[in-house]
Amino acid sequence: MPPATAPAIPRHIAVIMDGNGRWAERRRRPRIIGHRAGARAVNICIDFCLERGVRALTLFAFSSENWGRPQEEVGALMKLFLNALDREVEELDRRGVRVRFIGERERFSASIRERMHAAEHQTRANTRLDLVVAASYGGRQDIAQAARALATDVAEGRLRAEDIDEAAVAAKMALADLPPPDLFIRTGGDHRISNFLLWQLAYTELWFTELLWPELDAATLQHALDDFAGRERRFGLTSAQVADVAPEKNPA
Ligand code: FPP
């Protein structure tokens, strides 16, 4: 059973970083300038998680649908990802961050795939913060690949169809080894999940802000954490039942 009382600090935060394009357009600059400013906000978010003891951070960097954006923007984003991988990995490693990527990796160029692999390999033993970058990721696609993996197990005799339960599905989803996100943050003013972690967000607290992603600062993240700390997470139980389960009896 999940912990009934929210820990004051979320163990895992999932973020949709929205509003880069609008931030640039408001300044009459090309959209890629907004994405570059967005990359700086990524660093602010990672610093914040390290300082507050958040153990996992999942960032939606590029959705399966984003491939459909104008070619010029997709190309510029790929260059930005490549530069970020070249520039940031040493420092992330030094700070104890374990990096990984989820999504359809095969859609990226060989040079990006190699750097993704190198970043994961270099940081694999770190334990301070799990940084998950969702790239060419889609929640429905994640569920479909889990279904495919289970079907293969059944076809090859490792699993019986009647033994497929929630735990079996969860084990095949991306992030199976991490606690599900406690807190979801979306910037940019829209109140949607947009095909992010559909399975994993089932009981996540949702927090939205009108601020655009490049405007993110530590005060905004603290605001989200304060709000989270004040919420009662019931996981389908009643308030009275939740009050009965003291945190020390039910450690996170
Ligand atoms: C959404 O804003 C943002 C993206 C599609 C790209 C996110 C990329 C970054 C924050 C840059 C670097 C990331 C890493 C992990 C190095 P939008 O373009 O949809 O904004 P809009 O809604 O205002 O158009």
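Cβ from N, Cα, C; glycine included.
TrEMBL entries are annotated by machine, without manual review.
Applying an 8 A CB threshold to same-chain residues 6+ apart, the list for ASP18 (active site) reads ARG186, THR187, GLY188, GLY189, ASP190, LEU212, TRP213. Sequence annotations record features per position, and here TrEMBL assigns active site to ASP18.
Marked as active site, proton acceptor by TrEMBL: ASN66. In sequence order, VAL74, LEU77, SER136 are the residues near ASN66 (active site, proton acceptor), counting only same-chain partners six or more apart with C-beta under 8 A. Under DSSP, ASN66 (active site, proton acceptor) is assigned to a helix (H, G or I) in the three-state scheme.
There are 18 other CB atoms within 10 A of the CB of GLU205 (Mg(2+) binding site), with all protein chains counted. Feature annotation from TrEMBL assigns Mg(2+) binding site to ASP18, GLU205.
Per TrEMBL, substrate binding site is recorded for 19-23, ARG31, HIS35, 63-65, TRP67, ARG69, ARG186, 192-194. Taking the Cβ of TRP67 (substrate binding site) as centre and 10 Å as the limit, one finds 12 other Cβ atoms among all the protein chains shown.
In the shown protein chains, 23 other C-beta atoms lie within 10 A of the C-beta of ARG186 (substrate binding site). In this structure, ASP18 (active site) belongs to neither helix nor strand by DSSP; it is coil. Between the CA atoms of GLU205 (Mg(2+) binding site) and HIS35 (substrate binding site) there is a gap of 26 Å.
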